[in-house]
Amino acid sequence: MNSVGEECTDMKRDYDQCFNRWFAEKFLKGAGSGDPCTELFRRYRECVQKAIKDKDIPVDGVDFMGPSKSKTESDGSS
């Protein structure tokens, strides 16, 4: 599948290959302490964010996944 930005498609492919290789060869075998693809993901995410902005795609109300976001809805306080 191509990326939202044509200029990001190669980065997406590189990240997908890196992640799939790490997942199959390390994580599923219990040797997955850390994701070696973090930098590829960061560059791809930045490219996608730029493409969304450049194409003026509305994203209001959309939750984005990523290491900088965390859900605190169920923090145990009532």
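Glycine is no exception: its Cβ is also placed from the backbone N, Cα and C atoms.
Not measured: the values here are computed from a predicted model.
Quick look at what Swiss-Prot lists:
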COILED    1-52  coiled coil
DISULFID  Cys8-Cys47  disulfide bond
DISULFID  Cys18-Cys37  disulfide bond
DOMAIN    5-55  domain 'CHCH'
MOTIF     8-18  motif 'Cx9C motif 1'
MOTIF     37-47  motif 'Cx9C motif 2'
SITE      Phe27  site 'Important for interaction with prelid3a'
SITE      Phe41  site 'Important for interaction with prelid3a'
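A map of Swiss-Prot features onto the structure.
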{"residue": "Cys8", "record": "disulfide bond", "DSSP class": "helix"}
{"residue": "Cys18", "record": "disulfide bond", "DSSP class": "helix"}
{"residue": "Phe27", "record": "site 'Important for interaction with prelid3a'", "DSSP class": "helix"}
{"residue": "Cys37", "record": "disulfide bond", "DSSP class": "coil"}
{"residue": "Cys47", "record": "disulfide bond", "DSSP class": "helix"}
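The C-beta environment of Cys18 (disulfide bond), restricted to residues of the same chain at least 6 apart in sequence and closer than 8 Å, consists of Pro36, Cys37, Leu40. The coiled coil (1-52) scores a mean pLDDT of 90 in the predicted structure. Spacing of Phe41 (site 'Important for interaction with prelid3a') relative to Cys47 (disulfide bond) is 10 Å (Cα to Cα, whole number). Cα separation, Cys8 (disulfide bond) to Phe27 (site 'Important for interaction with prelid3a'), rounded: 26 Å. Across the fold, the C-alpha of Cys47 (disulfide bond) and the C-alpha of Phe27 (site 'Important for interaction with prelid3a') stand 27 Å from each other.
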